[in-house]
Structures are given as structure tokens and as C-alpha cells.
Amino acid sequence: MKPVTNFNHLQKQLIDALKSYNEFNSIMNLVLFEDAINYVCRISRILESPRGNALLVGVGGSGKQSLARLAAFLSGLEVFQITLRKGYSIVDLRTDLAVLYIKQAKRISEPLFSSQMRRREGFGVADLLPDDEVENIIASMRTEVKAVGLPETRENCWKFFIDRVRKMLKCILCFSPVGTTLRNRSRKFPAVISCTSIIWFQGWPHEALMSVSQRFVKDITVLPPQLHDPIASFMAFVHSSVNDMSSTYLANEKRYNYTTPKSFLEQIDLYGKLVTAKNNEALSKADRLESGLTKLESCAHQVEEMKKVLAVQEVVLKEKNDQANNLIKVVEKETRIVSWLLRPENVAKIQEVCRIELEKAEPALQAAFAALNTLNKANLTELKTFTSPPPDAVSVISAVYTLWEGVRNGKIPKDRSWKAAKSNMMGDAQKFLDGLVTLDKEGITPQVVEAMNPYVTSPGFDPEKIRSKSFAASGLCSYVINVLKFNEVYQDVAPKRRALQEATDTLNKALERLRFLKARIDELEQRLAILTSDYDTATEAKMKCQAEADKTALTIDLANRLVGGLGAEKTRWIQNQNPTHFNPTKRVLSSFFSYRASTITIPGDMLLVTAFVSYVGCFTKKYRVELLEKIWMPYLRKMDPPIPMSENVDPLSILTDDAEIATWNNFGLPSDRMSSENASILMNSQRWPLIIDPQLQGNKWIRSMYGSNLKVIQLGQKGYLDVIEEAISAGSTVLIENLGENVDPVLEPLLARNLIKKGKYVITRFFSCYKIYNISTDESNKKVMFFRAIKMGDREIDYNAEFRLILHTKLANPHYKPEMQAQTTLINFTVTRDGLEDQLLAEVVKMERPDLETQKSQLTKQQNEFKILLKKLEDDLLSRLQSAQGNFLDDTALVENLETTKRTAQDVETKAKEAVITSAKIDTARELYRPAACRASLLYFILNDLNKINPIYQFSLKAFSTVFQNAIRTAAQADEVSERITNLIDSITYSVWQYTTRGLFECDKLIFTTQMAFTIQVQKEIINPKDLDFLLRFPITPGVVSPLGALKSLAALDEYRNIDRDIEGSSKRWKKFVEADCPEREKMPQDWKSKTGIHRLCIMRALRPDRMTYAVTVFVEETLGAKYVRSIRQDFSKSYEESNNTTPIFFILSPGVDPLKDVEALGKKLGYTTDKGNFHNISLGQGQEIVAENALEVSAEKGHWVILQNIHLVSKWLNSLEKKLEQNWENAHKKYRVFLSAEPASRPENHIIPQGILESSIKLTNEPPSGMLANIHKSLDNFTQETLETCSKELEFKAILFSLCYFHAVVAERRKFGTQGWNRCYPFNTGDLTISVYVLLNYLEANNKVPWEDLRYLFGEIMYGGHITDDFDRRLCRAYLEEYMAPELLDGEIQYAPGFPAPSSTDLQGYHQYIDDTMPPESPILYGLHPNAEIGFLTATSESLFKTIFELQPRDSSGSGGTTSTKDEKVDDNIYDVEYIECHRVMSFKRIKQIIDDIMEKLVDPFNMSDIQGRAEDKTPYVIVALQECERMNFLTTEIRKSLRELDLGLKGELTISSEMEELSNSLFLDQVPNSWTKRAYPSTLGLGSWYADLLLRARELETWSADFILPAAVWLGGFFNPQSFLTAIMQMTARKQELPLDKMCLQCEVTKKIRDEFTSPPRDGAYIHGLFMEGARWDSIMGTIMESKLKDLYPAMPVLYMKAITQDKADTRSMYECPVYKTKMRGPTYVWTFNLRSRDKPAKWVLGGVALLLQV
């Protein structure tokens, strides 16, 4: 073959090869740009070379596999790739290899073995093939071996086969450079590097991005050709800008986001589908509206024509109506006559009715006559004679008189008295009686009846009652009643009688005429038949005409309603259209929005939308806004040629609408914009969404939205793969919850959507992950697609296009590899501060004003439902308009739908106006409570950041909400709302503080409290963020000695201008302030005394950095309150009350503390003990996992308690524990409780406790409190008043017990002073104290006198001394006991500390009160130390405090704050693509190379030991020491030289970088002494630069000394590797000289008053030494004794010491302090010697002060 010399020709050849490949294999849609072509050529070159194997390194999606397959195709190689399946193991890998080996024996072909997972080193894999296959292979090789002229031995045949395999079987390994996988495997299997040719796949350059995007953009048919290049350019820009933003995102937020070439291809693909779908959607909507408007216009024309027809029809109708009406009248008249004549039975019916009614009235009339018959003249005469008759009788006569006069005269008498009745009616009794009988009873008028009603209805108007008073009156009473009854019936019958009479008369006349009319009946009947026929015809004509007129009128009415309705709707539709589709510069046709015009801006709009969906999901709000508004939009607007786009385009409003968002909100999606954006990305993403959802809000929304149709699984659960496979086939939606950072490789084909073609089908829709877009409604545009399947493991599953996969993780900050991020769309559902504030506002209002919140909720839901309904009605209306056929004016349903839509729109508008007013009122009331919600939201995000301090500090939003609600309930009530809100804020703040601090270590409580105080003050705008930034960073002016450097920097700010001059001008006043014991509580001099808060802290940090922890405590006390600085230990029972069956209690363990005894004590109190079998205490370790699982299962079912201790010891089981707990919580017994304990990890990267366990638990620490005050109180709290009264020697017992408590507090708290406190750290605990008190009680009871010596021995050597391993620490412990426990204690003569004498005997409360009243402020003096002792650790603590708080502050790429970063962050954390790695590697390697060169340049040459030993004629002890030191120096420098040379070669690529070389490079980069050097060197605490300078000084000293072996005038003791050897040599020299036994010698130390330069020669005996420093005190050269240190002078230098050897019997130990000498301030293992130094004070003072000499500081 001829070599290809022309690049274009090469490109053409490769494109043709790609086409050929696609014809026979799965299609690879590749763009062969220049870099891709180079990769193909390089891979092909490797494959063509003998035994060529390749290692392709690049992030996932960079094209490694695709280009490798193309290269293999070019070389004619067959490709084999491992297919992972469930349970794939090493055995399966060996099986696959065996198949490939056997294939080589059967045919001469060259398969390519490509693996992404692993590679077996070498080709002679032991026991790869079974024996029978081996024999077959050997047999098949014999002929070929013979053909090449080799003996046919078994060994030759097998070797020939292996050589063939090595020749034909090519291996290509694909690795990602992200993480440590490649590095670790290459070290573990060196052949990965040494036996392969490495190709690094760099990130795609801009040209590659452009060429790829241009290639695919051209295939999008809906785009105008002139837009292809601008769109491609913008896509490339977006990809690059996201890379840059990801770097910023990682630097500021420590969150990982990767972009890969595959991400870029997904962006292009999504854009093509979205822009096509959106374009077709716009055209479809335009067709619908235009169709509707066309029909609307035709409707208007039809209306005019119908009006004319209707006018003609109305005239004809009127004539027909008149004719019909006249005929109807004639017919009706004749019909009535005939009908009446033919119905005589009507008269009979009336007659019968009258008779029946009259018969009903007859009894009443007869009763009336019967009543009259009972009367006679005598009775009436008797009645008449009454002068004053009974009242009832008078009432009866009055009624009769009314009836009498009313009927006879027709008038109602006015005077109805007894007298008037008697004279006018009863004058003649017989006439009166006759008159009643003949009274016209049918002539009673209604007026008479009405006048009689008062009498008749009277209770006394009863014949029976009246009979006893007057028989005549009784009869008259009965008469009146019955007459009225008769009259009542008669009044009803009278009209009927008249009707009867008239009917009878008419009937008689009719009968008379009947005979006359019978002749005419026949004639009339015939005429009636004719008239009836005419009538029916006229009626039919009239109805027909009426129907036509009604139809015309209805059609006109429908048309008018349709035109008017659409006209009104049209305006609203235009207003409601997506604003991104509206461009005022475009023509608006026919006074409504033209969808066709919108297609012009769709390319630009959808370009931005695609970038939004593809890339911004993982970012938080700030970065999304920056990308959209500050980077993409400006670039898009400045492009030339311009890409048409809408003004103020908003991706969210394009992706969705108010109706859809309302639907999401109804399903539980938070209403903030960030959540809506996340939901829209999830619904429109083409890749599977992977939601980061630590608060589970997204999970809750998804579960609610999909309901029972959602399949919810977790990886690793039983049968989860079966659920996924079933869902793929059925087209269901699957939610995979609680995803970790690594996913089961079996799911790789599903995540990558590697589909296999099977068959064909036609589609007209495009599916995103969760939405369906119409591609085309035109039959010609329907696309033919293939039925697809997906292969998972060894199974092929039919793929349903409606299958959806949602991935979910509750990890707050997961780190997913680029391969994973290329296959999924990361969506950050982490709650935002604004969103959480709104949620908490709803909670607080719901609890404080439930009426408001209910109203608000209902109003919001109602508005959402209206939006959804209106959208549905509009869509239905437009659909009807479009689909209406023929005369659509007859479609009544269409018009009614329109009117419904119109009414709904009006209702929405009306209710929206009402809602605005109502909502404004509600919001005004709700906003009053916003400060409380704002404070709570702020506190939650402070809590959420605590995991940056320690990953064990994890808090869930659910738990926080519970604390928040409890705080609201417990807040103090108030009448005024403003006061109530203040109480709420205080209660919320303190409750959250209590809840949080009980789970924090003591060292972190101040950090949290300070961060809380700072953040609250910043939010209130009391603190300027710039001041806070300055305080935390605190830059110091370079080259100026501190604190002047800090003051110079401070004076540069306006608030502190000229402070440096003021301090210089009033130095005495400022010195007094600075040297005060508690300067944080003192007023500053001059005008600076007015400075408070953050300003005072800045000044304090410049002047007294060691007091900043106290200053910050004062700041917290002033801003938040004193209760926030008190160390309060919450009783465990209260924490237990907050737990439940789904909330475990998690104990964070501290050394020497056993918190589980509280659980056992509480359990015993509540009835849970091991003896009862309901208390399970399991200490986890090897083999205890099964026991724990069984205990959890039983306890969850029966309501037991379970304690799982030390769960950190079973790291591999923790994920199973988390799942087990979650399973049990679903159906756990109400009394079920779980208690967990674990130690925190020493480093964040070693943290292993699952986040789910930590978030769901109540976390408790039981660490000893800090400070003497708190420690003494806690020590006393271990005892009760009963304990104090137990001993018979109460006075002695109380005094010694209090002394023990003080001693315990001192030894426990002294640890904070580091090595000056204790040489080593000891786990003193409460048990030591309680046992000591028990021993004290027993000894006092057993002895008459206090056995002081015995007690001191027991306490110092056994109880506390049992922990101590260092002799000087043991001496310190004894010194404390000798000071605190002496007979003087009983007399109150002992001072524990200046100003704190031993208290007199009192009760327990009295001791506590004494401590509070008498204890001096916290100071090293309380421990017997000098105040300087705390400067070091306080300064370090303060620096750590501010550094940690600074790391908790929100970062801004443009901010002024600097950041520190380690090499791991710079190299491992900032990996986005290979190009970045390569660039950064070059930069860091240059720096390391420079360091190597500097060290090698200055490194001293090795000592020539043979030459030196030759010069040493007399091997004195001094000479031997010098020789030993030279050898040690050679040992060290040789290692330095060797390791640096190897590293240099490794950086050049000549050696493989080993783990030792990498560790060395990291140490050089971080200015640390490498471990390999430290092992061969001397102890040192210096950084690499200072350490190397010190090394050179030591080498120079040795070089000078070894030149002539003359002892230097003053020896630098600290310059020795082994200073003990030189001190021993001094004794050896004296012992030899004076011939004394060495074991009887000792060293005498005399401190001179001179410095080194004042000595010119060594002493005759012994030696002068220099270079020592004293810690804890100072040497007073004038007084010649140890004295107190000067303030802030931590390590005063010692004068030259004269060391000489003397016999032990001559050693003077009077007034001497045995001062230990250490190599470094780390003390402990660096011990050298003990020097006796003169002291005027008791040695115990310096023992307690931790005084020592150091050789290096």
C-alpha cells in the first residue's frame, strides 16, 4: 500500500472506511476531525505492530472505544469486549480468555480483546484451559510446528501456540484519568504501563467542537442554512464556558461537575429534536388558529345571508299564522258546542257533587235545631231574669245577639252587652225562640262569622261547661256552634248549587233543542272533520315555518356568540402566549399573535433552552444565573451573523407553562423558581436524570406525581434487576433511590441507552425522558423506526419507548465520575435558602395563624386548578375549531365549550382580582412572621455546612423541621405580634443551638456558635461582610514583624485608619491594655474604646491573637446572649424523649468516655434489661454482624432496645445496616429503639458512617467540657449530697473529695496545653475519679488518721498513674497530689491556685456556689503553668477557629478572599478533562523540578569516611561521636540524593512513577519533609525549607569538626543526630582520664553568663554546649537561677552551658530542679537528658510549670 501523504485524502479514506464499517456493524455516527484521525492512525499503528497492545486514557465519552473499533476494522481485526452481567467474576473472565485462546488454535485470525475493566498480565495464564483442551491445542499445533522445522515436542507446541496468541491477540485497555484507579492499577500491575503503548485522549479543542457541531447541525432540516455556523459556534462556546464554570464551582463550592465530548454530542442531539418538535408545534398551532379564523370569517358571511332568509321567512310565517289562527277559532267554537251538546252527563256530575256536600252540612243543621228543642219559654224567661248572669252566659248571649242582628238587619251591633241583648232580642221569649228557629241560616255573611269568632274561640264557650251555670245558655251555645258549622259547609256548597241550577236550566233548554239539532249534528260532524283536516294542515305548515325560523335565529345567535367569543378569547390568548414567542419587531398578522412568525426566533430560543437543559442542572442558583445572563446571553446577542431570538428569553417559560408548574406544585414540588427549573429539566432531559436530593423533596414530588405507576427500588435489594427488566418491557417508570457514587456495572448498557435494532415501526412523536413531542402531523413526515431491545448482561430485553428511569441520591455532595455524568443529567434538588424560607414561613404561619395558612393554601390550589382547567378548555376549543368539518356553525358543543372557556376565564380574572386583594392581606399578615422563618432558614444552612468541619455532623431537613416546630410550641406567648415574633426568633435560635451542640465536640461548639453569631449579624447588616472577610483572612503586610504587620494591614482600612500611629503615640496605655490578663473585657485606649463587635475583634486579633477564643466568646455573649457560651449537658432522658422507633440515638465516642451506661441506667428504670430479654447490647466486631441483624429484627417486631457499639469497626457491613434500619422503620413496634455508637474518623477521607444513619439519628457527644470551671462542676456532679454524708469522717472526706475533684479537673484539662501539659496524652476519665473516691471512703473508714502517703500513692501510682507511661509525667502527677493532698488541707491552708483556697466544709450546692463565686478566670495559672503556656495553643486554636469559619463562608470567584489548597485539590480535585490534567501536571512538575534542582544544587557531598577515619589517629569518644554523626549524615544525604534523582527521572518519563516517588513529590510540593528522609534523619518540627537549611548548618558543623577533630569551643548540641552520644562521650572522657567507672559518673551542668561567640577554646574537662532554649520559664543570668518567663517570650535562649562529668556522690541536688532536655517541643520520645538547674523556688513549681530545655524550636 502506498503511504497517504495528503490529509484530505486520508480523511476521505477514513470516512469511506467508516461507511463500510456501518454497513456490517452497529452504526457509529462519528465526525472524523483532525484529532480523531490522529487517534485512529496511532491506534492502527499500535495494532499493526508486533505484539502491539494499547492503553487509551481519557474521560468517558471521549471516543476511545469508537475510534478503537474503527482502527480494528481498518486492520481487519475482529473485536471482542467483555459483557458484564450479574455475578460476573474472575472465573467468568478466565472463561472468556479461554474462548479467545481456543479460537487462535482453530483458525488463523486476529481478534482484538478490548476491556474497560481489567487486564491479566502476561499471556501464559496458569490453569486457564482444562487438560483436554490443552491436549487438543497441542495436537493441532504439531503440523504447524513441524512445518517451521521445529521438533514436535509438547513444550515446542505449547510455546508455538502461546507465541501465536501473543502475536494475534491484541489488547486495548480503556481507562479514565479521574480518581486513583489508573494510578493504583498501573502500580499493582506494572505490565499495564510497560507492555502497552499509551495514548492520551485530550479534551476536544474548539476546532473539533466546531466541526462536530457543524456536521450534525446541518442535518437539522428546519434550520436555515445561514444559521448553521453561528449555532455550531455557540454550542462550542457553551461547552467551553461550562468547563470554566465547573472549575469555579469546584473551587468555591467543592462540588464536582464534568463535561465530556459525549455531553457535547448529547447537547447537539437534544437541540435537533427540540428545535424540530418546537417548530412543528408552532406550525401546528398556527394551522389551528388560522383554520379557526378562516371558519370564523365564513361564519360572518353566512350570518348575513341567513338574516335575509330569516326576514322572508318571517313574513310567510306571519300569513300562515293568521290563517291558521282564524281557522282555529272557528273550529274551536263549533267543537265546544258539539262537545257540550254531546255531554249532558256534566250536569249530573255537578248535581251529585252538590248533593254530597249538602249531606255533609245537614248534621250540623239538625244539631242546631236539636239544641233549640231543648229550650222553652220558661228557660229563656229564667235566663232573662238574671241581673248579673255568669260571664260565660253573657258571652253566649252576646254571640247570639250578634248572629240575630247580623242576619236580620245585616249589621253587626256595636253594643253587645247583656242589657242591649236583653232589651232588643229577648223582650218576648216566645218570639225570640221562634226567631231562632226561622233564622235564615244560609244568609250568614262572612262579616258576621268574623264578629262571632272571638266568642266561639273563647275557652269558656263550651255547652258542657256552661250547662252547670245556665241550661238555657248552654242550649244557645250549642245552637250557635252548629249554625256556624252549617254555614261553613254551606258557603262551600252555595256556588255549586248555583252552578247546578244553571246547568239544569241549560240542560232543559238543550233537551228542548236536542230534537231540533239532531238533524244538524250529522252536518256539523262532517264540517268538523273538514275543519279538523284543514287545521292539521295549517298547524303543520306553521310548525315547519316556525322550525325554519328558529333554526335560522339559532344559527345567527351561535354565529354571533362564536364571533364575539373568539374575539374576546383571541385577545387573551395573545396575552397568555409564551413571551419568548413574542417579538414586537415582527409583524403581527390579523391582530393576533402569529405562530408562524415565531418560528423565526425558535432556533435562538431553543439553542439557549438546550444549553440550559444539558448543562445547568448540577449548578446552584447563582451559577445558573451567571451562565445564562452574564455569559451565554451576551455572547448570543453579539454573534455575527445574528441568531434570531426573542427578547428577554426565559428557558423556564419555554420548557413549561403555568398550568404544568401548577400541576407539579399540587403534587408537592416547592414553588420556588429553582425547583421549577429542576422539574422542567427533569421532564425535558434526553438523558436519564440523576437528582441530587439530600432533603428528599424531589423524591417526595416524584413519588406523588407518578403514584402507583412508579417502581421504586434501591440497588442491591433482592430482585432489583428483575424489576428493572420488567419495567423496560412494560414501559414503566423506575426510580432508583439512594444511589451511591458508584453504580453496578450491570446497569451500564441501560445508563448508556445502548439499544439494539429489531424490526420496524412508524412514529410521529419524539420522546424526551419524560415528555412527548409531536414531530409532524403530515403523513409524509412520519419516520420509520426500528423496534429496539437492550442487552443487560446475557439477557436481551425488548425496549418500550415509554420506559423512564430516574436516578436519585441523597448524598449532599456526591462525586460522580465523568462517565456517569456523560450518561445522565445531574439535577441539583438541594433546597435553596429562599425556597426553605418560604416553606418554613408556611410552617410558622400554619402554627401561629392556621386560618391564614389554610386560606393561603386553598387560594393557591384554586388558582393552580383554574390555570390547569383553562389550559385544558383552550386546547379542546382549538382542537374543535381545527377539526370542525362542513357547516361548523351547527356545532352547538363548540360554542358551549367556547362560552364555558369564556366564563372560566372571566371567573379566573374575577377571582384573580379578588385573590390579589386577599393574597395581599394574607401576605401582609404572613410577612410579619418572615423574620422567624428567615432566621430558621439561615440556621439550617449553617447546620448543613457543619459536615465540612467533620463529616459525622450530618443533619436532615426532617429533623430540623421537628426542632423548628418544637421551638415554636415552646416559645413564650405575647399579646403583641412583634413581641411574639421576637420570642419565636429567640426560641428557634436557642433550640437549634441546643439541638446541634449536643452532637458536637467541644472544639467545634465555639466554631458553630461563632459562625452562627457572624451570620446573624451579617444578615442584620450589623457586620459589613468586608470586615468579616478581613477578620477571617487577616492578611499581614509582608516583611513586617507581627503584630506590626497585622496593624499595617488593619490601618489600610477606613475603619482603622491611623491605628498604628495611635498605638505608637500612646504605647504605654496600649501596652497596659495588651498585657492585661483579660484584654477582651478591657476598654481600649483613646478613641478606640468606642469600637465594638467585629471592629474590636479585628484589633484584638492584631494585638493578642492568643486571646481570640476568649474575645470571640465575649462577642457571642454580647450578640446572642450569655446562655450561648455556657456548657450545658442535657440529661440523656430528655434526648430519649425526642427519639422514636424511626429515630435512633447515635453516640459519637470520645476517649475515656462510656456514654452507654446512661442507656443502661435509663433502660433499667423503664424496664429494659438484659435479664428480661428486651435489651440487646452488641459490641460489633468480627462475626457479630449476623447477631446484630437478628437482634434488630426481633427488636423491631417486639419493641425491644438494641445497642450496637463501635459500628465503625464493621465498615463493610454499614450499608447493610442502613438498609436494615430503613426496612425496620416501615413497620417497627412503637417501643422499638436503636442506640448506636462510633468513633469519628481521624481524617475526612476515612469517614465511613453512611449519611442516612447520621441524618436520621439524634447525635450526642459526651466529651469532657473545656475549662476548669466546667470541669470542676462536672467532677462534683458525679456525686450526690448523700455521697458527701456517707463517711463517718465527714470533714476529712469532704475536703479530700473536693481536692480530688480539683485534681481530676486539672489533670484532664491540662491536656489542652499539649506537650507542655503532658508529654503524652492519657485517657483520664470519670471512672478514675469515682474509684478514687470509693478508695478514699474505705481508707478513711479503716484508719483513725488520714493516711496521706497511702492515698497519694494509690491515686498517683495506681488510679491515675496507671494510665501514665512517661516518668516525667508521673513526677508531675505526684507533684500535684503533694500540693493538693496534705494535712494542711484540713486547716484550709492550701491554695489550689492564687485566689482559690480550699473551701470550708459545706454541702454539695455550697461547693458549686463556692466555685462560681471564687474561681478565678480561666488561665494557665490555675494549673500551675505560666500564662505563656496558653499562648501557643490558644493562638493555634484561634487560627484553626478562623480558618474553619473562613472555609464555611460562601465563596465567590470574584471575591477578595483567598483560598488555600493542597496538592490533592490542585491535582486530583480539579480534573475535568485530560487537557486540564496535562496542563496542570506540567505546571506542578515544573515547580517540583525547580525544588529538586535547588536541593540538589545545595546538597553537600558525602563525607569520605575512609579519608576521615584515616585522619582520626586517636579514637577518643569525641572522635567516635563525630564519625558516627558523619555516617548518619551520609546515610541521610545519600537517601536524599537517590530519591531526588529517581523522582527527576520519573518526571522525565524515564522511570515509572512509584508510590514512594509520588509521596516524595507531594511532600516537596507541600513544603513537608518526606517520610523517607525523616526515617533517616533527626526529630524535627520544621517545614522542608527550614529543615533543609538546618540540615546544611549541621553538615557544615560536622565538616568543620571532622577536618581536624578538635573539639569546638562551644558545641551545638542540637546539631547532633544523637545528642545523647556526645553527652555520654563527656562522661567517657572524664572516666578514662580519671580512671573512674562509667556507671558511677554523672553530668554536672553549670550555666555560664556568656554566649557562644565569647568562647574561643573548649574547656580542659567537659565541654561547652549551646543552642538550648527553655520552655515554661527563663534563666536569669544575673541571679543565676530559674525565674518566671516574661510575657509572650515563649522560648528564651539559654546562655552557654558548661557540661562536665563528676562522680555521682559529688552531685549537689540541693535547690536544684531536674530539668528534662528534649530535642523538639514535641517532647516525649525526643527525650535527651536531665540537667540539674539551680532554683530558688521549690522544684515542684517548675514541675507543675512544665519547664524543660529544648534543642530546637
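Every residue number used here counts from 1 along the chain in the order it is shown.
Cβ coordinates are placed from backbone N, Cα and C, and glycine is handled just like the others.
Heads up, TrEMBL stuff is auto-annotated, nobody curated it.
Per-residue pLDDT, averaged over the domain 'Dynein heavy chain AAA module D4' (28-274), rounds to 82. Feature annotation from TrEMBL assigns domain 'Dynein heavy chain AAA module D4' to 28-274.
Residues or ranges marked as domain 'Dynein heavy chain coiled coil stalk' by TrEMBL: 287-636.
Per TrEMBL, the feature coiled coil maps to 500-541.
Per TrEMBL, domain 'Dynein heavy chain ATP-binding dynein motor region' is recorded for 663-763 (among others).
According to TrEMBL, the domain 'Dynein heavy chain ATP-binding dynein motor region' annotation covers 788-908 (among others).
Residues or ranges marked as domain 'Dynein heavy chain region D6 P-loop' by TrEMBL: 1141-1261.
Residue counts for the domain 'Dynein heavy chain AAA lid' (1293-1429) by DSSP state, with H, G and I taken as helix and E and B as strand, are 91 helix, 5 strand, 41 coil. Taken from TrEMBL, the feature domain 'Dynein heavy chain AAA lid' applies to 1293-1429.
According to TrEMBL, the domain 'Dynein heavy chain C-terminal' annotation covers 1436-1751.
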* Hey, which of 28-274, 663-763, 1141-1261, 1436-1751 has the most Cβ-Cβ pairs under 8 Å against the domain 'Dynein heavy chain AAA lid' (1293-1429)? -> 1436-1751
* Structure fact -> Among 663-763, 1141-1261, 1436-1751, the stretch with the most Cβ pairs under 8 Å to the domain 'Dynein heavy chain AAA module D4' (28-274) is 1436-1751
* To do: Taking helix as H, G and I and strand as E and B in DSSP, count the residues of the domain 'Dynein heavy chain ATP-binding dynein motor region' (663-763) in helix, strand and coil.
  => 48 helix, 24 strand, 29 coil
* Structure fact -> For the domain 'Dynein heavy chain region D6 P-loop' (1141-1261), the DSSP residue counts stand at 53 helix, 25 strand, 43 coil
